[in-house]
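According to Swiss-Prot:
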- 3-147: domain 'Globin' (DOMAIN)
- SER51: phosphoserine (MOD_RES)
- HIS64, HIS93: heme b binding site (BINDING)
Amino acid sequence: MVHLTPEEKTVVSALWGKVNVDAVGGEALGRLLVVYPWTQRFFESFGDLSSPAAVMGNPKVKAHGKKVLGAFSDGLAHLDSLKGTFSQLSELHCDKLHVDPENFRLLGNVLVCVLAHNFGKEFTPQVQAAYQKVVAGVANALAHKYH
């Protein structure tokens, strides 16, 4: 559960309505893989991840980034029940994929950077504060099934 004020909910929804999920998802996941290269071990089947240019241009990275942000969009529609919304994804990432839950926090912070880059002055400190709450809540929900 994420505790947002009505004003925070408004700014999150307003900005998210302008987000190009395809582009932002690919950029966020790509940046995660470049900035934190140890996360690439979960994506070995994606092919060439040998350089920043290869990662950022990789169609599988872009496609998976779109998928990740699609799930994030679902979470935005269910801010009061994030653990339930992400229960199956948490179980998958914990039990089958064995993803370090810290990676969820890293990806959330990268997403905030990408949003700031894409929206410039529109991404005010108020908007950032609201999004930091959201990505922290999503990361916590995704880590919920970990023992």
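Placement of Cβ uses the backbone N, Cα and C atoms for every residue, glycine included.
Given the structure is predicted, the values throughout are model-derived calculations rather than measurements.
Of the listed recorded positions SER51, HIS64, the Cβ environment within 10 Å is emptiest of other Cβ atoms at SER51. Distance from the CA of the residue listed as 'phosphoserine' to the CA of HIS64 (heme b binding site) is 18 Å. DSSP assigns HIS64 (heme b binding site) to a helical segment in the three-state reduction. Shown for the domain 'Globin' (3-147): DSSP residue counts in helix, strand and coil, namely 116 helix, 0 strand, 29 coil. Averaged across the domain 'Globin' (3-147), the predicted model reaches a pLDDT of 87.
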